[in-house]
C-alpha cells in the first residue's frame, strides 16, 4: 500500500488554540520530504477555502516562516464553522479534482472529523481516490478514541497557573475585600478544562477548593452549602466552574442571551451569576474572573508536551497518508503516565465524528464537587511543569506586648 | 543625619500584584545589612497586622524563602483595605512604641501613602521619632511624582500579550463566528493598563484598533461609529475598554452597586454591556473577555524590569530610611527611554497621598479612541520584551480553476 501522487490540502477549523499552528508546521515540514506529495496547499478559513478555491501554496513560504508557526498561536490559515450539505460536498470534490488534490487533512474537533469523514466517503463513492486524514485539535479535550487532544495541555496549564495565582491573590485580600473567587472555565459539555485547575494545588488547602463540572448535576443549595463550609474553615474559597454546568434535567444553568425574571438579559456568565447568588444568599463578597478566549489561545501558558504533540500529529498524518491510509484521525496513545510517554495511532473518522468524551465518573469525587487522583494522574503530564513553586512564610510570630485591639 | 536604632515593620496594602513580593525581598535583604535595624518584622494583612500586633519576624525566615519572594506573586504578608481613624492611629503608635519600632514601610497605592503620611505626622506630633517610608505599588500606575509604579509594567506586558493573542484569534474566526472582541481592562480612574494594550501591535492594522480610556468622555454613538468603520475596513475589530470609562458628565458608564472600604465603587461589566450594544445596534457578533484579577497578579507575564524595580524600591526604602529620612515615598525616576534606564528618588508622602495621575492629554489621539507614540515611548520599556514576533503567511495564492462558488 502506498500513497497516490497528487497535491495536499491542509485546513483548520473551530476555535483556534495556542498550539494548532504546530500541527500545520508538522504537516508542511513532513510533506516536503515525500515525493508523492506534489504540492502542499493551505485552505484559507477551513473548508470555506476549499469551497471558494482560496488555496495558498505553503511550499513557497520561507522555511523560517514555517518554523515560526510553532511559536505563533491561533490558526494561521484562518478557521471556520460550517456544516457541509450535499451541494457543498460536490463542490469540494470538484475543487479537489480540478487541482489533483489527493491528500486532505482537516485539523479540528468532532465537527471537523465529521466533515472529513463525509468527504472521504463521498470521494470513495465517486471513485476518486484520496487520502483523507483528521488531525485532532480541541482545547475541550472531548474527542473520543484518543488519549487526549492537542490544545488541551496548554489550556490546562494556563488555567492551573491562573487558579494558583488567583488563590494567592484571594488569600491575601480575603479579610477586607473579596473572599470568594470564581473562575469560569470553557467547556460546554465536558469539564476537562475546569477540572485541570486542580493542578494548581501544591498543598491540600490550596486553590481550588471546589470544582463544578457539566458531568455532575448542579444543585444550587448544595453549592451554597459547599461554599459556606470551605469559607468557615479557611476564610476564603476558590471555585472553578464550567460554563456548561447544568441542572439535574440537563438544562444549562445560565445561557447567554436568556432573559431573567426582571427582564435583564443574562450576559454570558454562570460565574457572575453564582457570584451574585453567593453575595445575596451568604452575604459574602464574591467575584468572577472569566478569562474567555484568552485561556484558549495564550502562547504564554503553552505546555511543552502539547506543542510537541501538536507537531507530531501533523507529521504523522502525512506519514500515515503517504503509507496509503484514508479515513482516519491520528490519535494520541498514552504509553506511560510517569515518566510520561505517548505515541500515535489511527482511528476511523466515523468513530470520532460527532461523538464526545466527557470526564469518566471515576475521575470525580463522590461529592461531585471535585476531581480525584485519577484525574490528576491523567492531566498532570499534559499540562507539564507549571512554574517554580511559590513560597510561603513560616510565620514566626512576635510576642504581643499589648492587650487585644477590640475594633 | 542617620537612622535611629530600632525595629522595622513592613506591610503591604491594596490589590496584590505579580511583583509586590519582590519589594519585600528587597526590604528584608537590605535591612539585614544595617545594624541600625534591630529587627525586621512583617505585619500580617497590612496595617491590620499592626493594629492587632500580628507581626512576624522576617529575619527568622530562611534566605531561600526570602529569595523565592521574587518568583511568588500576590502579597505574601497578606493585604488589606482599611482607612485609619484617630483611634486606630493612636493604637498604631502604641504598638510601635511597645516594640521599639522606628521604621515603618508601607507598600501600596495612594491610599497607603495617605496612611503612611498620617502615621508619620502623628509620630512626629507625639515626639516619637520614626522613619516612615512609602514603597510604591499599583498596577493602576496612578501615583503622582513617580515616573511609574512597580506592578504596572507586568500587567502592561500581560495585557499586551493577551490583546495580541486575542487579535490573532479573532482574525481567524471573524468570518464565521465572533468578529468583534472587547477586552475589559482594569483601571477605575486612569487608562494606563487599557492603553498598554497598544503594545500588542506589530503592524498598523494589528489589534487593538480602538482603545477607550476613562480620561476621554465616552459617547456611545461615536463608539458605534468607530467600531463600524474598523469593521467595514478589516472585517474584525479588537477593542480595549477600561472598566472606568465614563460619560461627558463624569458618570461611570456601567457600575454595580457595591462599594469598598474607601468608598470606591466596584465595577463589573462595561465590556459585556458594550458587546451587547454592538450586537443590538450593529448586528455584529461581539464578545467580551474580562480577565479580571488574573491580569493583576499573573507571574506568567511578569516584566523583567518591573521585577527588578519592585526589588529596587524596597531596597532603596531601607537605604533612605537608614540615612535618616522620614515621610517620603521612593519614586522611580526615568533617565532615558532608549536604552531604558531608571534610578530612584524621594518624594514627600503628602504630595502622593490621595492624588491620582491620569494619562496626559497629549498621549491620547485627537479622536480620543487611541493612544499615540508618546504613550508607546513611555510604556514600552516598562513592559519590556513581549514574546517572539508572530509569523504570518505571505499567502501565495494558487490560480483558481473553477467558476466562483455562489453559496
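Don't overthink the numbers, they just go from 1 along the chain as shown.
From the backbone N, Cα and C atoms, a Cβ is placed for every residue, glycine too.
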**Request:** May I ask you to find which of A:90, A:219, A:243 TrEMBL records for the substrate site already listed with A:138, A:139, A:140, A:186, A:187, A:188?
**Result:** A:243
**Asked** Of these binding-site residues, A:139, A:186, which scores lowest on Cβ atoms within 10 Å?
**Response** A:186
**8 Å Cβ shell about A:138, A:139, A:140, A:186, A:187, A:188, A:243 centroid, substrate site members excluded** = A:142, A:185, A:189, A:190, A:192, A:193, A:242, A:244
**Item:** Of A:15, A:110, A:186, A:187, A:188, A:243, chain B-adjacent binding-site residues (C-beta under 8 angstroms)
**Value:** A:15
**Item:** residue A:111 (site 'Important for catalytic activity and substrate specificity') versus residue A:243 (substrate binding site) - Cα distance in angstrom
**Value:** 20
**Complete:** Under a three-state DSSP reduction, the secondary structure at residue A:15 (diphosphate binding site) is coil
**Prompt:** In this predicted model, what is the average pLDDT of the domain 'Phosphofructokinase' (A:9-319)?
**Reply:** 93
**Request:** Would you count the other C-beta atoms found within 10 angstroms of the C-beta of residue A:140 (substrate binding site) for me?
**Result:** 26
**Asked** A:137, A:188: which of these recorded positions has the sparsest Cβ neighbourhood within 10 Å?
**Response** A:188
